[in-house]
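Enquirer: Right, I'll just put the structure down here and ask away after.
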Amino acid sequence: MLDVNNFEYMNIGLASPDKIRSWSFGEVKKPETINYRTLKPEKDGLFCERIFGPQKDWECHCGKYKRVRYKGVVCDRCGVEVTRAKVRRERMGHIELAAPVSHIWYFKGIPSRMGLVLDMSPRALEEVIYFASYVVTDPGNTPLEKKQLLSEKEFRAYLDKYGNTFSAAMGAEAINKLLQDIDLVKEVDTLKEELKTAQGQRRTRAIKRLEVLEAFRNSGNKPSWMILDVLPVIPPELRPMVQLDGGRFATSDLNDLYRRVINRNNRLKRLLDLGAPSIIVQNEKRMLQEAVDALIDNGRRGRPVTGPGNRPLKSLSHMLKGKQGRFRQNLLGKRVDYSGRSVIVVGPHLKMYQCGLPKEMALELFKPFVMKELVEKGLAHNIKSAKRKIERVQPEVWDVLESVIREHPVLLNRAPTLHRLGIQAFEPTLVEGRAIRLHPLVCTAYNADFDGDQMAVHVPLSAEAQAEARILMLAAQNILNPKDGKPVVTPSQDMVLGNYYLTLERKGAIGEGMVFKDTNEALLAYQNGYVHLHTRVAVAANSLKNVTFTDEQRSKLLITTVGKLIFNEILPESFPYMNEPTKSNIEEKTPDRFFLEKGEDVKATIEKQEINAPFKKGILGKIIAEIFKRFHITETSKMLDRMKNLGFKYSTKAGITVGVSDIVVLDDKQKILEEAQAKVDNVMKQFRRGLITEEERYERVISIWSSSKDVIQGKLMKSLDEVNPIYMMSDSGARGNASNFTQLAGMRGLMANPAGRIIELPIKSSFREGLTVLEYFISTHGARKGLADTALKTADSGYLTRRLVDVAQDVIIRETDCGTDRGILAKSIREGNEIIEKLEERLIGRFARKPIVHPETGEVIVGENELIDEDKALEVVEAGIEEVWIRSAFTCNTPHGVCKRCYGRNLATGTDVEVGEAVGIIAAQSIGEPGTQLTMRTFHTGGVAGDDITQGLPRIQELFEARNPKGQATISEIDGVVAEINDVRDKQQEIVVQGDVETRSYTAPYNARLKVVEGDKVTRGQVLTEGSIDPKELLKVTDMTAVQEYLLHEVQKVYRMQGVEIGDKHVEVMVRQMLRKVRVADAGDTDVLPGTLLDVHQFTEANKKVLFEGKRPATGRPVLLGITKASLETDSFLSAASFQETTRVLTDAAIKGKRDELLGLKENVIIGKLVPAGTGMPNYRKVKPVSQVQPSDDMVPVE
C-alpha cells in the first residue's frame, strides 16, 4: 500500500488505450452481474471474481482453495487468485469496444476541446459523431476540402462521381482519423504566425486553439486519445450490489449504465460478424456512443437515461460533482470515529479549560484506553476480558476511566463551525446524566445557547494530537477573537448583570460614610446588615495591598463601595483598584479624588462626590483586554473564572425580576404625539396646496414621526429609576437595548411594509398599553420579513464563507521576510467627514515600511521593519502624523503565501505570527463569520436618485465577486480639470473633463448627484457622480494600488457601519488573492501564450529568464478576478475541482497534463496527507526525534 505522506505531487492526463489495458485485470465480456440462485458473481460479468478478485478473504470461486496458506495461488479450476477481498476495491477491468466512441467531456465541454483541436464547430462534430453527416477524411485529388461535411445524399453523389479516390466516413472513427492526422508542431507554428496579424473574433479563436494545442504538445497527451477504443471498468466494490431484507437487490446506477454499454457492444460485434447492412451497423454504433456518453456523463447530451420511476441514473461525472459528490462528501468531509454528540447544558461550576462529559459517553469514547489500563493494572487478564468488563459496566471500570481521562483533552465542536473558535479543546470531567456541560464563557465563541443546542465531541488519539489540542486549542488559550484581536470570552447576560449590580453606587444607602480598617471588616458589616453592597464607605488604603497605589495614596482612606471591594478581590494585586469605569482608571491608576486624609469628615466628603457609574459589559471587556495585555494568559483565564463566579453569585443575590409594574409609561407621551400630529397635518396642508411634492411630503412625515419617537426614547430613559430592573438589564448590556425598551413603554414607532418601504402611519401604542388591531396587523409585516431574511441570510453567508475559504486556502505564512521594498500608505478610513477606522487601529501589530519620524523633534519613533505596538501607534498619532508607510500582504513577494513581516501580528494570540500559520483560512473565516450579522436588505431611500445603495451582505458579495455594482458611479479616465457641465436631454448631465493631451466627456445617468463642480481638478479614477465604483473599471484607468485600497476601504465601511470590527490584514489577504493573475498582452520572446491568464509569480519568473538572456520580456495587465473565478483559476486542479464546475476543471487539467504540487490545504486533505501548515509544514515534518541525549558540559541551563 502506498504511503500517503510520501506523495510529492499528483499528475492528471488522458489515458491511452494501452494504459487502460495495462490497468485492467481482464476483459468484462458479459452484462451479467450475479447468479440469482447461487448469489455468486457470474464469470466474465461485471462482478467476475477472476477479473476483480475473490469476494471472501483467501477463498477462490469454486472453493478448491480456502485459508491464508494458499496466498497468491491461482485456482486451476476457476482462475481466481487467492488473496484479500479488498482488492475488489482497487482492481479494474476493461471493455474492448467494437467501434471507437468519443469521450463526451472533450466533445461537449465549453469550449469543445475536440472542436478547437480540429478547428470544427461543435455542431459539425455532433453531426459526424452521431451519424448524421459524413466528414471528408482524405479528399485525394478531388475538389472536396478536408473536414468538409457531406449529407448522405451528397456522399452518394460524390461516390458515384469520383469513386474511391476520396475517403469520407462518419462516427467517432472519422474524428479519430482526423485527430491522428494532426501535426501539432505545424499547427502551433501556423497559429503563432496568424496571431501576429489577426484581430477581433479571429484572434480570440486563435488564442483559444493555441492554448489547447500547446497543452497537447507540452503534456505528451495525443489528441486521438480523446476517442476511446477501450473503456475502463471501475472496481466492483465502488459500484456495489447488496441484498436487501426482502431478497431484492439494490445496485449502483453505474452497473445499469455498464450493462447497457456491454449489451450494445456485444450486439454490434455480432452485427459486424454477420456483415449486416451499414444502416443497421451505424444505428448500433450510434447507440453504443450514446450508452458510453450516459455512462461518463448522463444528461449532458439529450435526454438522460432514466431508471425505475423516471429517475435519471447517476453517471461517473455525477459521482464527483456537487455536495453529495466524491470530493465534498467523502474526501473533504469524512465522518470520524471516536466521536459522539449530545445536548449541551450550562456548567457554571467548571473552570475555563473544563467541560463535563457524560459518563456513558466517556466510557465508549475512551474504550481502548480503558481496556489497556485495565490489563496493565491487572484488573483484566487480556484485552478480551477487559472489553467484556467494559460492556458489562463493572464498578472498577469507572476508577480506571477517571485516571485515563485525566489530562487527556477532548475537542468540542458546534455546527455551524463559522470560525476557528467553533472547535476548542477541554479537559473532560465526568458528569452524571446524558448532557454535555459547557463553560458559560465559551458560549460567545461557539454562538451557543442552551435551548436545545447539540455539540459533538472528538477524542485526539496520538500524543502529538493531544499536545496540539492542549497547547493550541485549549479554551483557556483562545481568549482573543482572530478577527479583531479583542477578547471573545467576555461575560454576558447574568454575569454582566451580577457585576453591574455589584458595582452600583447609591446615595444615602444604609451605613453611608462608615470607615473600615480592611475588606474583611467591611464584609462582616455587610453580612450583618450594617451596610449594603451599594453603600459608599471608606477603607484604609494600605490594607488593600494594591501595588499601583502611590505612597501618598497608601497613607489615606479610599472612598469606595462594599461591592467594589468585593469586585477588586478578583483582580490581580498589580492591577489598578477599579473605582470608576474610565480608561485612566483601567490603564494607569485609581484617581486621587477618591482618597482622603485620615481624620477628615468622611460623610461630608462622600455627600459632595458625584455617584460613579457601575461597570457595564464594555468596561468588563476592557478590563479583560488590559489584564491579557499585562499578564500571562493563564492569569487572565483564572480571573475570567472569578469574574464569572461573582457575576452568577450577585445576579442571584440581586433577585432581579421583571413585572408589569416595572414598565412605566411616560406621562408626556400624549403631548409629544399630539405635537407631532400637528406637524404632520401642517405638512399635509402644504402638500394639498401644491407647495411640496409627494416625495417631500413622504420624507417629512417619516422624519417627524421618527424624531418624535427619539424624543420619547430620550425622556423615557431619563425618567427611569436607577434600580429599575429593566433599566438595569439594558444599561448593563446584559439583554435588550433602549429601542426594545421604548417599544415596551413608549411607542413602537414606524414599520416597513413587505416591500421594505416605510409605512407613514406609526404605531403609537406601546406593548404595555397594547396595540389596536390595525397596529398589530401592520407590525406583522416586519416580523415575518425578519424571519425570512434571517433564513436566507444564513445560507448566503455560509456560501460566501465557502468561496472565501476556497480562494485563500493556500495562503500560509511561508517565510520570515520576503525582502520586498514596497508597502502601502495607511491613513484613517473615512466616509464623508466621519472616521470609520482610525489610523491607530490600522497601525497596531504591523511592521513599518519606512522609519516613522516625529515631525517636530525629528526623533525616530519606529524604525524600518520594526513592529508597531499599541504604545508606538498612540505615539505616532499623538505626534500628528496622518499617514504611515507600512508593510502589507498587498505588496508581499512570497509566492503561494505571505511572509511574517508583511502580515504582522497574529490577532488571535497578540504575538508575532508563526511560520506555518494558515492565515488565508483565518482571513476567510474572519470575513465570513460576521456575515450573518450583516443585513440583507438594500436600503430604499424613498425614490431619491442615487437610488438604492446596496449595503450589508449583498454589498460584500458584490465587492468580493468584483461585479458591476448597483448604482455605478462614473469615474474620470484622465487627469485634468472639469471644463463644463451641461444639461442634455432627459435630465441627464454631461461632464467634460479637459486634460493636458485629451478631453473626455461623460454622461451622468438620469437624476444622478454630481460630486464635482466646474473648475474642479480631477485625477484619473476619481468619482464624478455619486455611487459605487466598478473595481474593474478602476483597474483599467489606475493601478493595482488604487484598486486594493478601494476594495479594502469599501469592505471595511460595510462591516464598520454594522458595528463589526475586522482586522485590515484579513481583507488584504483576500484582495491579494483576487489580484494574483496577469493577462498576457504581448508574449515577447517568452514561452507564454498571449491572452492567457498567468500567476504574477510565473509571469515574473518567465520574464526574468528572458531578460537574463537579453531578449524581449512579455507584457501584461493585472486582472481583477471575483473570488469564485479566482478559486477556479488556482494552480491546483484538485482544489478547483472540489470547489465548483468539477467536470470542466478536470477536462482542462487532463488535457494540459497538469501537475498538482499539493501546496494548499485542500489538496492535501483530499489525498489524505497532513496539511502543509502549522506542525505539518515540511520543515517541521523532517525533524527526527533524537535518542535520549545526556546534557553536555557546554549546555547552559535555562532559567
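Placed from the backbone N, Cα and C atoms, the Cβ positions cover glycine too.
These came from Swiss-Prot, pasted as-is:
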BINDING   Cys60, Cys62, Cys75, Cys78  Zn(2+) 1 binding site
BINDING   Asp449, Asp451, Asp453  Mg(2+) binding site
BINDING   Cys818, Cys892, Cys899, Cys902  Zn(2+) 2 binding site
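For each feature listed, report its degree of burial, its nearest neighbours and the pertinent distances within the displayed model.
Expert: In the shown protein chains, 16 other C-beta atoms lie within 10 A of the C-beta of Cys78 (Zn(2+) 1 binding site).
Within 10 Å of the Cβ of Asp449 (Mg(2+) binding site) there are 11 other Cβ atoms, across all protein chains.
Around the Cβ of Cys902 (Zn(2+) 2 binding site), the same chain contributes Cys818, Thr820, Phe847, Arg887, Ser888, Ala889, Thr891, Cys892, Thr894, each under 8 angstroms and 6 or more positions distant in sequence.
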Enquirer: Roughly how many Å lie between the Cα atoms of Cys75 (Zn(2+) 1 binding site) and Asp453 (Mg(2+) binding site), rounded to a whole value?
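Expert: Between the Cα atoms of Cys75 (Zn(2+) 1 binding site) and Asp453 (Mg(2+) binding site), the distance comes to 58 Å.
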Enquirer: These are the binding-site residues: Asp451, Asp453. Which one scores highest on other Cβ atoms within 10 Å?
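Expert: When each Cβ's neighbours within 10 Å are tallied, Asp453 tops the list.
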Enquirer: Given the binding-site residues Asp449, Asp451, Asp453, Cys899, find the one whose Cα is closest in space to the Cα of Cys78 (Zn(2+) 1 binding site).
Expert: Asp453
Enquirer: Tell me the Cβ neighbour count for Cys75 (Zn(2+) 1 binding site), meaning other Cβ atoms within 10 Å of its Cβ, over all protein chains shown.
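Expert: I get 20 for this one.
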Enquirer: Which residues, in sequence order, are found in the same chain with Cβ within 8 Å of the centroid defined by the Cβ atoms of Cys818, Cys892, Cys899, Cys902 at the Zn(2+) 2 site, excluding those residues themselves?
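Expert: Apart from Cys818, Cys892, Cys899, Cys902, the close residues are Glu815, Asp817, Thr820, Arg887, Ala889, Thr891, Asn893, Thr894, Val898, Lys900, Arg901, Tyr903.
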Enquirer: Please report the DSSP secondary structure of Cys902 (Zn(2+) 2 binding site), reduced to three states.
Expert: helix
Enquirer: How big is the Cα-to-Cα gap, in Å, between Asp451 (Mg(2+) binding site) and Cys60 (Zn(2+) 1 binding site)?
Expert: 57
Enquirer: If you compare CA-to-CA distances from Asp449 (Mg(2+) binding site) to each of the binding-site residues Cys60, Cys62, Cys899, which comes out shortest?
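Expert: Given the candidates Cys60, Cys62, Cys899, the nearest one is Cys899.
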Enquirer: Around the Mg(2+) site formed by Asp449, Asp451, Asp453, which additional residues qualify by having Cβ within 8 Å of the site's Cβ center?
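Expert: For the Mg(2+) site the neighbour list reads Ile344, Ala448, Phe450, Gly452.
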Enquirer: Non-local Cβ contacts of Cys60 (Zn(2+) 1 binding site) (under 8 Å, 6 or more apart, same chain)?
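Expert: For Cys60 (Zn(2+) 1 binding site), the qualifying residues are Glu49, Pro54, Lys66, Cys75, Arg77, Cys78, Val80, Glu81, Val82.
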Enquirer: Whole-number Å distance between the CA of Asp453 (Mg(2+) binding site) and the CA of Cys62 (Zn(2+) 1 binding site)?
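Expert: Here the two Cα atoms are 55 Å apart.
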Enquirer: Counting every protein chain present, what is the number of Cβ atoms, excluding its own, within 10 Å of the Cβ of Cys892 (Zn(2+) 2 binding site)?
Expert: 26
